[in-house]
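All remarks here apply to the structure that follows.
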């Protein structure tokens with residue numbers, strides 16, 4: 001493995017990203033489903049003689065944008081909750097239409113709650129923004145002859161239809177999402193094996209670990225608790241277990257100089273076997289307890305996200321402050337639709353990105369919106385009705401889904417046009433120029449406020465996380481080693497400890513990426529800690545790899561390792577060494593020495609010790 005790891009390239013704001021199309025996979029099935037979900041409610045409304053009601057159904061149709069990569073059993077539940085949430089959000093907005101301050105307060109509450117929950121539960125794109133937008137739209141959408149509850153029913157009906165469209169894939173490929181995640185894991189493990197000994201080894205190892213974790217989440221964590229035995233699912237789990245063992249072999253080969261080409265070749269072969277049913281016999285009997293469960297479940301995810309300083313809490317806090325300020329500015333300056341500024345602020349901040357990516361996303365949003373207003377003006381001036389209106393929305397939604405992962409700024413052009421067409425309620429806009437001016441100024445105000453909030457909160461948010469995440473990882477390592485010293489690699493408590501260690505290890509790189517994506521001073525501080533980040537991850541993955549190796553080796557080898565760790569008070573000395581390093585991390589100092597630790601982990605501890613330097617936080621003012 002590289003002895004002097006090169007830090008990954010820090011993200012930079014790039015104007016050329018506004019015009020650059022990134023590569024993307026096969027998007028047309030997703031785009032077609034979204035377009036069908038969006039246009040069908042309008043067609044039904046037209047047939048029933050109430051296009052406005054059909055347009056309300058398109059708000060529920062946004063359900064089709066979520067959970068596109070989840071296993072179908074889990075997707076069914078998630079989409080149902082999302083459809084209900086859209087109906088609830090717009091109903092809350094409608095109930096407060098007559099009370100301006102209360103309406104803005106409700107939008108604020110929905111934006112904050114949705115941001116926290118979507119980040120904590122890893123809902124995925126498009127995230128919390130759509131719920132805030134639905135609630136905001138409810139505070140202003142004209143309902144005409146419809147009651148509040150009827151509007152909620154129409155939105156829910158649109159969500160129900162989107163549910164059917166999204167679930168239709170289960171008829172052709174019931175395990176398609178699981179196959180995709182296992183295929184991605186195979187490719188990532190092969191790339192890791194090819195990268196061993198090269199400068200990008202540490203990054204490739206992290207990517208492979210995440211890919212395997214995502215695969216286990218799809219194969220175990222997101223499956224029904226009492227699912228019937230499924231041969232195909234068992235086959236995919238068997239393949240992924242072999243991939244995980246190859247990943248472990250790669251980690252061990254990195255330390256000992258073992259054979260690497262065979263690991264990469266075998267990983268690629270397993271990736272090919274994913275689409276060959278029956279090629280890998282499932283284990284008999286299938287005991288899912290022997291498999292990792294991937295990401296945390298709902299309860300554990302919420303508990304973890306409620307810890308002070310968690311990314312979900314930070315994102316929700318920023319959205320709350322920015323949306324509140326945007327609403328106050330709207331009130332102070334008499335904006336007709338202050339909620340649009342609030343939604344724009346929430347859009348910039350709801351994903352919890354670092355400063356550089358937040359700035360990039362915000363600028364793309366502003367530029368795309370301004371151009372999109374021109375397109376929206378042309379569409380509204382043309383005044384499409386009936387089937388032409390449905391066709392217009394279908395084309396816009398199809399283009400959005402085809403482009404959004406390739407170039408966000410270009411996608412925003414069509415997002416803006418679609419949003420304003422839906423907001424028109426199918427009515428001819430009497431003053432298009434005024435509407436476009438209001439929406440453009442609202443968007444700019446919301447984005448600028450979001451930038452300011454992110455900048456003001458960044459120093460405090462970044463002052464602790466990276467050293468703290470490393471300290472938490474070292475504590476998780478100590479917990480796992482204590483189980484190993486008892487000869488325990490399979491008990492439920494040990495599996496939970498291993499899972500916690502995997503989560504803490506992933507969080508270390510997340511904290512580093514947040515630092516290097518921040519301002520120049522924060523970036524310098526994070527980059528100075530890169531050797532420690534790498535040393536911590538190498539130690540953690542070595543411990544995790546040891547656990548997997550011992551599972552396969554059997555009781556005799558497990559007991560031998562346990563004896564070696566426990567000899568000469570080895571576990572106590574290891575814990576003392578980790579505590580010493582943790583204190584040094586907090587103090588920004590380097591301890592004089594470490595106690596002698598078990599030989600199994602001594603090289604990793606020495607690398608971690610050597611990575612520590614006396615650091616003066618470059619973000620502090622002299």
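In case you wondered, yes, glycine gets a Cβ from its N, Cα and C as well.
Automatic prediction, not curation, is the source of TrEMBL annotations.
Here TrEMBL flags 325-453 as domain 'Integral membrane bound transporter'.
Taken from TrEMBL, the feature region 'Disordered' applies to 273-293.
Residues or ranges marked as transmembrane segment by TrEMBL: 43-65 (among others).
Annotation comment: TrEMBL describes 77-95 (among others) as transmembrane segment. Within its own chain, the transmembrane segment (77-95) has Cβ neighbours under 8 Å at 56, 59-60, 62-63, 66-67, 70, 103, 106-107, 110, 114, 123, 130-132, 134-141, 143, 148-149, 151-153, 155-156, 158-160, 162-163, 166-167, counting only residues six or more beyond its boundaries.
Annotation comment: TrEMBL describes 101-121 (among others) as transmembrane segment. Within the chain carrying the transmembrane segment (101-121), a Cβ under 8 angstroms from the stretch's Cβ atoms is held by residues 85, 89, 92-93, 127-128, 131-132, 135-136, 139, 298, 301-302, 304-305, 310-313, 315-316, 319-320, 323-324, 327, 330-331, 338-339, 342-343, 346, 349-352, all 6 or more beyond its ends.
Sequence annotations record features per position, and here TrEMBL assigns transmembrane segment to 151-173 (among others). Sequence-distant contacts of the transmembrane segment (151-173) (same chain, at least 6 residues past either end, Cβ-Cβ under 8 Å): 29, 33, 36-37, 40-41, 53-54, 56-64, 67-68, 72, 75-76, 79-80, 82-84, 86-88, 90-91, 94, 134, 138, 141, 143, 179.
The transmembrane segment annotation in TrEMBL covers 312-332 (among others). Distant neighbours of the transmembrane segment (312-332): 100-101, 104, 107-108, 111-113, 115-116, 119-120, 128, 132, 305-306, 338-339, 341-342, 344-346, 348-352, 442, 445-446, 449-450, 452-454, 457, 461; these residues of the same chain sit at least 6 beyond its ends, with a Cβ under 8 Å from one of its Cβ atoms.
Note on the transmembrane segment (367-391): residues 18, 39, 42-43, 46, 51, 54, 408-417, 420-421, 424, 426, 428-429, 432-433, 435-436, 439-440, 443 of its chain, located 6 or more positions outside it, place their CB under 8 angstroms from a CB of the stretch. What TrEMBL records for 367-391 (among others) is transmembrane segment.
The transmembrane segment feature in TrEMBL is assigned to 403-423 (among others). Here the transmembrane segment (403-423) has long-range neighbours at 17-24, 27, 38, 55, 58-59, 133, 137, 140-141, 361, 364-365, 367-369, 371-373, 375-376, 379-380, 384, 389, 392-393, 396-397, 435, 439, meaning same-chain residues at least 6 beyond its ends whose C-beta is under 8 angstroms from one of its own.
Summarising the annotation, TrEMBL assigns transmembrane segment to 444-462 (among others).
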Outside the transmembrane segment (43-65), six or more residues from its ends: residues with CB under 8 Å to it
33-34, 37, 79, 82-83, 86-87, 90, 125-126, 130, 134, 137, 141-142, 144, 146, 150-151, 154-163, 165-166, 385-387, 389-390, 393, 401, 422, 424-427
